Amino acid sequence: MERAFQRTQVLTNHLLQSSSPLPSQTLSSNACLSYSPPELSENCAFDVKEMRKLIDGHNLEERDWLFGLMKQSELFNPKVKGGKVFVSPDYNQSMEQQREMTLKRIKYLQERGVFKGWLTEKGEEIEMRKFAGFEVFSIYDHSLFTKLGVHFPMWGGAIQFCCTKHHHDKWLRDTENYSIKGCFAMTELGHGSNIRSLETVTTYDSNAGEFVINTPCESAQKFWIGGAAKHATHTVVFSQLHINGINQGVHAFIVQIRDVDGNICPNIRIADCGHKIGLNGVDNGRIWFDNVRVPRENLLNSVADVSPDGKYLSSIKNPDQRFAAFMAPMTVGRVNIAIGAVYQSKVALAITIRYALTRRAFSLKPNEPEVLLLDYPSHQRRLFPLVAKTYAMSFAANYLKVLYAKRTPQSNKAIHIISSSFKATFTWNNMQILQECREACGGQGLRTENRVGHLKGEYDVQSTFEGDNFLLMQLVSKALFAEYMAAQKRNKVFKGLGLEHMNKPCPVIPSQLTSTTLRCSQFQMNALCLRERDLLNRFVANVLKCKAKGENTEQAFNSCYELAKDLGRAFSERAIFQTFVEAESTLPAGSLKDVLGTLRSLYASICIEDVSFLRYGYLSVDNGANVRREITKLCNELRPHALALISSFGIPDAFLSPIAFNWIDTNSWSLV
């Protein structure tokens, strides 16, 4: 009240133009703010390089080489701000200009050997090198990441994994050299997620030895096909295959859509999808096929083939199993999207926390300096849980990459389930992180040059492409239901997908949670396993109850959609946490392990703080309050490590933004 009275007196004197204000009430200006690099005041208690090795996991030298290639070229739009060089696309360019710049950047990278071996070599080493490359591309620009993702893993991957040797010999090297520019024509105007119901129709002409592809109605037009509008020369077309009047289900065909001069091929119509809220460096298009003929050899035939005289041939007689085998190699798209989301979260947090370490606001007492944003407990509570979440996603992404790189036919199902789960979780987390970081940067977060706000529009699409996240979580829950029923039917233990905990006695959460308990990794794992176990039991029971009332399986799953989403999230967070614990276990005792343990406890605590723990009765209200208090303490303990934690992301300064550094000089009049 005293300070309010003083302020009232000052304003009164000013308005009345009083000639005798009290000395203590005289208005005076503050000294100008100055920028002080956080490196001058922030300590580093652990080895940042070692932490980067742990969270990046592989190909560090290759990543740094690729960063260097991009920084040294004018194609990547280097700009000097506040005495530092930053590289970022010019999003003020028109859609057409952004598309052409994306193409030029790809050609620049290709000419310097970045893609060498990406399709013509095999093995774990080349797969991990590709993942490292895509992670670097995602840090620079989502359009570059996506256009390359369509060309290499999607178009190139379809030929690599769904075809046989003569396709490899004909198409892979030219694809790797980018003399062929591929796209992936799966989704249609009328069907995005439900691939089995695509309406494009292909028949076989045995007299000519050719397949004939048609778009029979407007809803069958191929839609959102990345690369189709301007640049792609070839595409993989997904279509119903009719042989002798029998629909054999969805198959895929190689189709040339442009000639070497860029002219659209006969009987093909292509239109532009137009301007988007982001990703305008990718030329998304729509395609219609009017009796387009392709040679019989253009069928992707690893699972099924058609003989010259028109007989359908496949060693897999069950249509469901055949479709699953055909789609199994396509999971790489989800893997790439998941890892790209992690690196965008790193970009946003590195920018936001660096800004919070130099930006001040308000004084706690009269005549004292204003307080750094990151010294406010509320700001720590906003950002440090997101840092912990990003570290957790990093370890999970590394696990997923290795799982994919070492894949076998036996592991395809696990990759499908885990990649679906992680893609949904990571992309949802990324959008949450981008939004929180945008707000934490205040008005500066709105400026395109500062990246954080603009990235929301660029990455929003990740929640729906390569599978709508809600549908992916339902897919995960259905798979867990199948695992449960199979174990019950065989009267065997659970094995795989991390479900082995279902074979053990049900964990019990103590009635009173202390700080020591909340920081115990075994308790944390038990809590996450308890939720997953209980939700799986509930989900199975509810689905069976619905079926007993006469609903078919799909109707029963739809009736239990809320449980399905909660179960999918429980599975994902437990699986992510498990990779965190495994990464931590590789470290010897020391400062690196200590700070990682704090991050692990924070990640586990924000998972346990989730409303599901109260909704389903795993936590009492009092214990829920204990978890919240522990989160506040953990955030405070991480404050001294803030700069080191984000520096460990290994992102060069040039790939951040001006507000991450001297934001005063960046905005000086001399630079206007």
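Backbone N, Cα and C define each Cβ position, glycine as well.
The domain 'Acyl-coenzyme A oxidase N-terminal' annotation in TrEMBL covers 88-180. Taken from TrEMBL, the feature domain 'Acyl-CoA oxidase/dehydrogenase middle' covers 183-292. Annotated FAD binding site per TrEMBL: T187, G226, in sequence order. The domain 'Acyl-CoA oxidase C-alpha1' annotation in TrEMBL covers 330-480. The annotation active site, proton acceptor is assigned in TrEMBL to E466. According to TrEMBL, the feature domain 'Acyl-CoA oxidase C-terminal' maps to 525-656.
A separation of roughly 10 Å, to the nearest angstrom, links the Cα atoms of the residue listed as 'active site, proton acceptor' and T187 (FAD binding site). Along the domain 'Acyl-CoA oxidase/dehydrogenase middle' (183-292), the predicted structure has mean pLDDT 96.
Other Cβ atoms within 10 Å of the Cβ of T187 (FAD binding site), summed over all protein chains shown, number 19. Long-range Cβ proximity for G226 (FAD binding site), meaning a same-chain Cβ under 8 A and a gap of 6 or more residues, is found for T146, K147, V150, C183, F184, V282, D283, N284.
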